[in-house]
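Participant: Sharing a structure, written as structure tokens. Questions coming.
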Amino acid sequence: MVHSTEEEHEIKERDVRSLSSFHHSQNGPYMHKVGVPPKQNLFKEFSHTVKETFFADDPLRPFKDQPRSKKFILGIQAVFPILEWGRSYNLTKFRGDLIAGLTIASLCIPQDIGYAKLANLDPQYGLYSSFVPPLIYACMGSSRDIAIGPVAVVSLLLGTLLQDEIDPLKNAAEYRRLAFTATFFAGITEVTLGFLRLGFLIDFLSHAAIVGFMGGAAITIALQQLKGFLGIKKFTKKSDIVSVMRSVFDSAHHGWNWQTIVIGASFLAFLLLAKYIGKKNRKFFWVPAIAPLISVILSTFFVFITRADKQGVQIVKHIEKGINPSSVNKIYWSGPYLGKGFKIGVVAGMIGLTEAMAIGRTFASMKDYQVDGNKEMVALGTMNVIGSLTSCYVSTGSFSRSAVNYMAGCHTAVSNIVMSVVVLLTLEFITPLFKYTPNAILASIIISAVISLIDYEAVVLIWKIDKFDFIACMGAFFGVVFVSVEIGLLIAVSISFAKILLQVTRPRTAILGKLPRTNVYRNTQQYPEATKVPGVLIVRVDSAIYFSNSNYIKERILRWLVDEEEKGVASHQPRIQFLIVEMSPVTDIDTSGIHAFEELYKSLQKRDVQLILANPGPIVINKLHASNFADLVGEDRIFLTVADAVASCSPKLVEDV
């Protein structure tokens, strides 16, 4: 008995599908109806969803049909890409990488010293962070162009968040421990995201929010440099523009040093001129790259021979010599600072990832190769974990250095190795020479570097394209500038999520009309010449229908109906008898969505209006049949196209349109 019931059910399903394939109209040609695909196995459907979410790039494809030994080699190469591209490495590539590595090293050394001060750390920690992490990344990273090291935004973020917990002047040792702890957890965060293939999470921070955040951070960083640029000794720890400017003007009468200002202004003009020359002619890319190092050498020599430090010009003083000491025993593995280090590390790791991924994808598209986002995250995370154990703070991809690396003609990540070797030699032999380097020159280098983070063209483009994106951009910008870096970041994330929620909960709907001399139906706002069919209202829903928007969609369709009925009465048009819902853009529908359509159907019945559906997709039509809503509406009221639906319900009127 059970067996016969199952057979009857299968026969019924086949009948439904055959009925859905075509439909004969007595007064017209065959009309193709919406096909109902075979039901998917629940496990297969779930596994397909998981695969598309976490394994969309099909990472195991190279392993298919390979012997075990080959799979082992491919697995090792997947973790260490250097073993793959290293086999074809040659002298020609090394020549390009050597030039690029030396060029970015000349840029990174003065920047690292300045960025370390931005993070409230001693100068050598910036150099440490450009020695170990680039070596790890060169072995594990998939980008050929990213130059690794400390960056301005992450340095400022760390410095701001860490000093809220520990005073870097009174408790320098504890401050460093918290910095290493945060770096460790930044690395763990990045590795975890990559290993679990959760890289899509960083895409939730919109481009507009990133542009605003970076621009605000650039202004904040530049303002922070006024301390060194003007020679101010007592300076606010706050980063907002009001506090900084108050601190600057309060010290104007007795705190500024004119010799410092002359040095800073002169070399800032030189750096900006060098940057202008590099932009004007790409052949001179090396000019802005070596300008910071030249500035450091000249200013250091000038201070040394004039002993300007005796006149109040603040200098770097001592930079500890030697390579990275171990910091394994300095990380907080327990206690109250463990949780604080974790929170700061997660934020710094996410920002570092966002910046590195944006840089990697940008240069990869220029050279037409692919960057594996999840491998990148594992590589970046691993280098920060190891870096935290070797006295480094958070490192990531630097845009300015990566741009120089690209223009210098790098071929592979060997340029990072060359840069790392130069930093090693600097740590071993050259750091004593930086003793008389004025803080003003470091401030000038950082100001000239962060100016490029303010992307005016992107802001103008955002304004032209999407006003809500512009609000997100400006919200992040003003949050950073007028409050703090963390508040600006919070605003950026909040507005990005607000936009997603707004789009999900309030999807667009449109009324469609028929384009003259065609059977095509389009949005009447986009195509004013499209004419509405008398007695028929055609509404398109431009979104999946879920619990979050189903009630809104139902109410919006009913409002369209009321509006059109009122217009019809005013213009003496026929009463609306049919409501056609165009469902081509509806990619999915859930239980709440179907329930909302059932309520819509009942509301329309009370108004004596017939509900008709046009072109629901495979997932949607399956769910409509599974819920018996297709039977409620009627199989003969579900059509493949809007034209078929209109022709079926109002053939004479259509011919007249």
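Each Cβ is built from the backbone N, Cα and C atoms, and glycine gets one as well.
The transmembrane segment feature in TrEMBL is assigned to 178-198, 204-223, 256-278, 284-305, 413-434, 440-463, 470-498. According to TrEMBL, the feature domain 'STAS' maps to 526-649.
Help me see these features in their spatial surroundings.
Facilitator: Within the chain carrying the transmembrane segment (284-305), a Cβ under 8 angstroms from the stretch's Cβ atoms is held by residues 103-104, 106-107, 109-111, 263, 267, 270-271, 274-275, 277-278, 313, 315, 404, 407-408, 433-434, 436-438, 440-441, 444-445, 448-449, all 6 or more beyond its ends.
Within the chain, the transmembrane segment (440-463) has long-range Cβ neighbours (under 8 A, six or more residues past its boundaries) at 110-111, 113-115, 117-118, 152-153, 207-208, 211-212, 214-215, 217-219, 221-222, 225-229, 231, 260-261, 263-264, 267-268, 271-272, 275, 292, 295-296, 299-300, 313-314, 316, 399-400, 469-470, 473.
For the domain 'STAS' (526-649), DSSP puts the residue distribution at 62 helix, 21 strand, 41 coil.
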Participant: At a C-beta cut-off of under 8 Å, are there same-chain residues at least 6 beyond the transmembrane segment (413-434) that contact it? List them, or none.
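Facilitator: Residues 82, 89, 93-94, 97-98, 100-102, 104-105, 108-109, 112-113, 123-124, 127-128, 130-132, 134-135, 137-139, 141, 143-144, 146-149, 296, 300, 316, 319-323, 405.
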